[in-house]
Amino acid sequence: MKQTSLALAITALLSTLPSALVQANEGCAPLTGKESGMDIGRSSTERCLPGANPLQDQQWYLLNSGQDGFSARGGIAGNDLNLWWAHRTGVLGQGVNVAVVDDGLAIAHPDLADNVRPGSKNVVTGSDDPTPTDPDTAHGTSVSGIIAAVDNAIGTKGIAPRAQLQGFNLLDDNSQQLQKDWLYALGDSNASRDNRVFNQSYGMSVVDPRSANSLDQSQLDRLFEQQTLKAQGAAYIKAAGNGFNKIAAGGYVLNRTGNGPKLPFENSNLDPSNSNFWNLVVSALNADGVRSSYSSVGSNIFLSATGGEYGTDTPAMVTTDLPGCDMGYNRTDDPSTNRLHGNSQLDASCDYNGVMNGTSSATPSTSGAMALLMSAYPDLSVRDLRDLLARSATRVDAKHQPVMVSYTSSTGKVRDVKGLEGWERNAAGMWFSPTYGFGLIDVNKALELAANHQPLPPLVQLPWQKINVTGSAAAIADVGNSPTSSTTRIATPLTVEAVQVMVSLDHQRLPDLLIELVSPAGTRSILLSPFNSLVGQSLDQQQLGFVRTKGLRDMRMLSNKFYGESAQGTWRLEVTDVANGTRQVSLLNRETRERTTLTERNNRQPGKLISWSLRVLGHDANRS
């Protein structure tokens, strides 16, 4: 059964709102959603944003006109979430509850208070007020403003300015981060269960591989599955990570030195929670319409969203801050060159900041966009909403090219292989990039597609299919002439929504490895790019406190690249060792500021592929 037409959905929404709630600048009047033939794209002559909020004109993520966000220069017009038509037609996130699981939420902030609903929790004190007392704990408050700052002519405007917020301060420095508190905040409590969006602007950086089979991770996976698949289910939005160039781990900041291929140091698949199908993982885009310099990437990326840069040379995100000039990112003594900061005339109370960034900003950008879609189409499943966002996304940075890795094999043959793909089209016609996922969110287009959307058939989760690899077929040659490969066959006629892989192998220098999955249609997806942050084997265990590992043990990775393809047929895993030279990693001690250099020496013996497992999630191909 088709959904109600968009015009009817918007008319119904407008009928519930007092006209004063849609504040309009002169020349940006409300629309009915019934206007015939209107261009609702990023270059439309009708493009404008309602609202009289004094900082709104610098919120490029709402409507990018090339403004500078109080930095040295502006971005390129049009690189935004394209939500102006949604706002002009009254789609504002009404009726949608959003949980911000972060370091806190200033619930009395003048630009947030009217959108904060009961049910927040301070896991440190046990109270229902997660307002931070530490002046450096402003992250969650800034995240909240991006999602749902009130359209009240005070400061900024949220992406979904009528959505309702709860805050849970799991990331507070004094939080013990107990599993029971994570479960409580993420939907396993009466207080949080009715949230339709869970914003997770956090992640994990690792130097040694982590298994996704821990009890804690398994509990969260089951909870996310239950909450996602229920009627009017919940969307879990997750940050990809900020480790493209460097990571923080074990008291150190690590980055690779030298002039090697421009590959991510932190592949987003290295965080076990990022290979969870139920998490919609997001990379960050800047105001110029390309990957934010810090953003982690990988085959698990579903979408890209606005995250910005650092707010000095080029725009970050203008949003709410802890109130007061002695709290948060914006303080009287703030050394930032962002013009909003330091007791500026525009923000004399220092209640806002112009330096919020990271995939921590791309995540609430996505949460806000999801809230807008849920507001207009409350009965669509989360899987349907994900499908709409994927099919409507914009292929930004269209000339984005693959990163090539060249090496000389053990027999003297020069091999050129892809270390990371650019934009590629899969066998189902879907464009995908591990940098941008399916592309930049386009709210207006997603709403337009929703009017005639056919709901997806029920989700089918095939059981894990394990393949043991033995004998000579298991050997991973040092800079081999060809990859080590293993195959398995799926007989079920399934249309793919995502594919998960778990890999176990032995190898003495894991960052040498390129791991790829090839579908029955021949589409290739790089699950793990080489020269990554898995440098724990090379670290001095006693000096730095890292634990050595023999290799990967059931390390889970996810790919969205096969979306819409047929699962039926032969799947192939390929593992290639692409390097044998000596490399170096720089380590900065975060406490002493002492810098040392780590030498990564080549493996002394070939690696070994022990086993791998495959799971496909999708729906009945005969009902697509």
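Note: Cβ is positioned from N, Cα and C throughout, glycine not excepted.
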To which of D102, D103, D111 does Swiss-Prot also attribute binding of Ca(2+) 1 at the site defined by N53, V150, N152, I154, T156? D111
Among D397, D416, D442, D478, which residue does Swiss-Prot annotate as binding Ca(2+) 3 at the site that also has D512, D577, A579, N602, N603? D478
Of C48, C350, which does Swiss-Prot put in the Ca(2+) 2 site with D321, L322, G324, M327, N330? C350
Within 10 Å of the Cβ of D102 (active site, charge relay system), how many other Cβ atoms can you find? Include all protein chains, please. 30
What is the three-state DSSP composition of the region 'Disordered' (116-140), stated as helix, strand and coil residue counts? 2 helix, 2 strand, 21 coil
Env. residues of Ca(2+) 1 site, Cβ within 8 Å of mean position of N53, D111, V150, N152, I154, T156 Cβ: P110, A149, D151, A153, G155, K157, P161
Using a Cβ-Cβ cut-off under 8 angstroms and a sequence gap of six or more, which residues of the chain neighbour L322 (Ca(2+) 2 binding site)? A106, H109, P132, P135, T137, A138, T141, G328
Work out how many Å separate C325 (disulfide bond) and N602 (Ca(2+) 3 binding site) at their Cα atoms, rounded off. 52
Among the recorded positions listed here (D102, S360, N603), which has the Cα closest to the Cα of N53 (Ca(2+) 1 binding site)? S360
Largest tally of Cβ atoms lying within 10 Å of a Cβ, found at which of the binding-site residues M327, C350: C350
For the Ca(2+) 3 site given as D478, D512, D577, A579, N602, N603, which other residues of the same chain have their Cβ within 8 Å of the site's Cβ centre? V479, H507, R509, V578, N580, G607
Quick note, D111 (Ca(2+) 1 binding site) and D321 (Ca(2+) 2 binding site): C-alpha atoms separated, nearest Å, by 10
